[in-house]
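Novice: Got a structure here, written out as C-alpha cells. Questions coming.
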Amino acid sequence: MDRCKHVGRLRLAQDHSILNPQKWCCLECATTESVWACLKCSHVACGRYIEDHALKHFEETGHPLAMEVRDLYVFCYLCKDYVLNDNPEGDLKLLRSSLLAVRGQKQDTPVRRGRTLRSMASGEDVVLPQRAPQGQPQMLTALWYRRQRLLARTLRLWFEKSSRGQAKLEQRRQEEALERKKEEARRRRREVKRRLLEELASTPPRKSARLLLHTPRDAGPAASRPAALPTSRRVPAATLKLRRQPAMAPGVTGLRNLGNTCYMNSILQVLSHLQKFRECFLNLDPSKTEHLFPKATNGKTQLSGKPTNSSATELSLRNDRAEACEREGFCWNGRASISRSLELIQNKEPSSKHISLCRELHTLFRVMWSGKWALVSPFAMLHSVWSLIPAFRGYDQQDAQEFLCELLHKVQQELESEGTTRRILIPFSQRKLTKQVLKVVNTIFHGQLLSQVTCISCNYKSNTIEPFWDLSLEFPERYHCIEKGFVPLNQTECLLTEMLAKFTETEALEGRIYACDQCNSKRRKSNPKPLVLSEARKQLMIYRLPQVLRLHLKRFRWSGRNHREKIGVHVVFDQVLTMEPYCCRDMLSSLDKETFAYDLSAVVMHHGKGFGSGHYTAYCYNTEGGFWVHCNDSKLNVCSVEEVCKTQAYILFYTQRTVQGNARISETHLQAQVQSSNNDEGRPQTFS
C-alpha cells in the first residue's frame, strides 16, 4: 500500500524490544520464524503462517502496525496490506537502519532451536556444545536473507530505471513539493493571524472607535482625545503593508442583519445586482436636489420648499473620510476594522431631516459596488424604510415580496413628486437624469397582460389590456390538497413551466355572469328589459414583455381560518426561460424569437416552514465578475448555477436577453385582428 494513514500516528518507544535481537521470538510459542514486532508496544509474536499470535495481539489491543524483524516488512492490519510509505519523521527508515546495524553485529550467544539459553542462577549464558548440523540452518538462513536483499535491490534499481518507475518517482516528488508548499502556506497564514491578533489586541473596540469618530471637533483639545483609528505615524510600515489587501470584486459586499432584516437585505442585494436598475441609481446624484425630495412627517411624506445643503455636505464629508481611511491603508479585510470603517459611510440615522429612499439607494449601491468593503450596516436605509413605510417598522419578520412592491412604489412616488413639484429649481442635467431614472423604475418591471373574455353564446371575444409588475404563480391543485393519505409535498416536484401554463390557461367563469356586447348590441339603452347574461371563458396572455420578469411563487396557503402554511415542494426552473408559449398569438408573429428568451438573474429563497417566520437569502448573478453569489446577510459565498437551480425559490428574476422597441403590438392592430376573427366566424355558435 503506497499511502497508509496510520503510519503518520506512529510513535515508537526508544526501549522497544525490537532493538534487542535476544527478544526476537514469539512471546506465546517462543518460535523465531516469521516473528513480527508491534510498533505500538513491546510485544513480539509470530505471523499467520505459524500460530498467528500477532493477529490475536491486534484483535486484543487494536495496534495495527507490525514489522517483520528479519525481512523488515511493515504490515497494517487495518488496511490489510503491506506499508510502503513512512511518517514525516522517517521513523521506519531509521528503525530499518538500526536493525540492519544490529543484525550485522557478531553474536556469540549459543541458541537451541532459535532460543538463547541462559542460566537461572548466575544470569550468565550457559554454553552448550554445538553440533555440526546446528550451524547449517543459520548459514542457510543468512544466505537466503542476503539473496533476498540483493534481489530486492536489483528489482528496485530496475524499477527506478523503467518509465513507470520514473513516473512514480516524479509523482512522488511533485506530491512532496506540493506538501511543502501547503505547509509553507499554512505557516504564513499562522504568522499573519498571529500578527493580526496582536494588532487587534492593541486597537480600541468598535463601539468606542465609532463614538470617538462622531465626537465634535470643539469638544476638547486634539491632544487630549485619543485617536479613533491608528495613524500612519503610530503604525509601523510593516503593519501597513500587511493591511493592504487586493481589492475585492465589486458587488461582493454583505449586509449586516439589524434584527430580522433578512427580507430587506435579500431584496437590496437583488436590486443592486440588476445591472440597469443599479446603474441608473449610481448615476443619480441626490445631493444636488436633496431639498426637493420628500421628508417624513409621522409616516407621511410632504414636500419641503426650503433648500438645505446639510445632507450634501455630510455625504461629501463621509466620502472624504472613507477615502482618507483608504489612503492611510485602513481598508483591509479584517472583520473588526471593516465594521469601524463602514460607520463612516452608513450612519445609524440619516443626518438630514429630509428622508429619501433614492438617496439611500444611491449611497448604498456606491458602497456595495466600490470593491472596497466586505460588509456594511444599512442603518440609514432601515431608518428610511421605517419612516416612509410604517408597515415595516419594528423588528418583526416581514414578507420579501411585499417589501419589494412597497419599496418600488415609494421610490416611484418620490421620483414623480420630485420631478413635477419643483421642476424650475432643478438643474437641467439633473432633471434629465431624474427622468431617466423614473423611466427605468417605471419600465424595468412593467409588462402588460391581455385579458380575453370569450362569450360562449356567440363566441365574441372582448380584449382588455392590464398592466403588471410581477406574475404571481399558483401551484397546481394537487399541492393544495391536505387530505389524509396524500403524498407529502416535499417528495414531489413542480415545473415552473407548468405554473406558467396554469396562469395562462383558459378558465370558465362560474354561471351566467357575463354581459356580452355582441349579444346586447340590438337591445336599446332605453329598453327596460334586463341585460342578457351568458356564460363565458377567460384567458390571460402576455401582451407586452418586461425587461426584468419577476415570478412570485405563491408558496403560502391558508390552512384553517387563521393559519397559513408553506408549500415546501421544489420548483424546477432553468437558467434560460422561453416565454413564447405564454404570449398572445398576434405577438408571436411581430417579434424576433430572441426577444422571448430570458436569462436567470436572481433568486430569493425562503428558509423555514411557516408564514411570518424563517429566513430569507438571495442568489444573485454578478455581471461584473460573471459568477453567482449566495447572499446570506453578512455572509457571501460564490456558488455554481447548478447550486442555484436546486434551491427552493420564492421569487425568481429573469432578465430579457434582447430588448426590442417593438415589444408589443399596437392596440389598433389587435382590435383589427379580433374583429376579423369575429367576422370570420359568421353566425353565433352555441357551445355546450
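The first residue you see is number 1, and the count goes up from there.
Cβ atoms here come from the backbone N, Cα and C positions, even for glycine.
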Novice: In Swiss-Prot, the residues CYS38, CYS41, HIS57 are said to bind Zn(2+) 3. Which of HIS16, HIS63 is said to bind at that same site?
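Specialist: Same Zn(2+) 3 site in Swiss-Prot: HIS63.
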Novice: Tally the residues of the compositional bias 'Basic and acidic residues' (169-186) by DSSP class, grouping H, G and I as helix, E and B as strand, and everything else as coil.
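Specialist: Counts, helix then strand then coil: 18 helix, 0 strand, 0 coil.
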Novice: Between the binding-site residues HIS57, HIS63, where is the Cβ count within 10 Å the lowest?
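Specialist: Across HIS57, HIS63, these binding-site residues, the one with fewest Cβ atoms within 10 Å is HIS63.
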Novice: Near the Zn(2+) 3 site, what residues other than CYS38, CYS41, HIS57, HIS63 in the same chain have a C-beta no further than 8 Å from the centroid of the listed C-beta atoms?
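Specialist: Here the nearby residues are LEU39, LYS40, HIS43, PHE58, THR61, ALA66.
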Novice: Give me the mean pLDDT over the domain 'USP' (253-657), rounded to a whole number.
Specialist: 78
Novice: Kindly report the helix/strand/coil residue split of the zinc finger (2-99) according to DSSP, in that order.
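Specialist: Across the zinc finger (2-99), the residues distribute as 27 helix, 16 strand, 55 coil.
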Novice: When neighbour density is defined as the number of other C-beta atoms within 10 angstroms of a residue's C-beta, which of the binding-site residues CYS38, CYS41 has the lowest density?
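Specialist: The binding-site residues CYS38, CYS41 were compared, and CYS41 has the fewest Cβ atoms within 10 Å.
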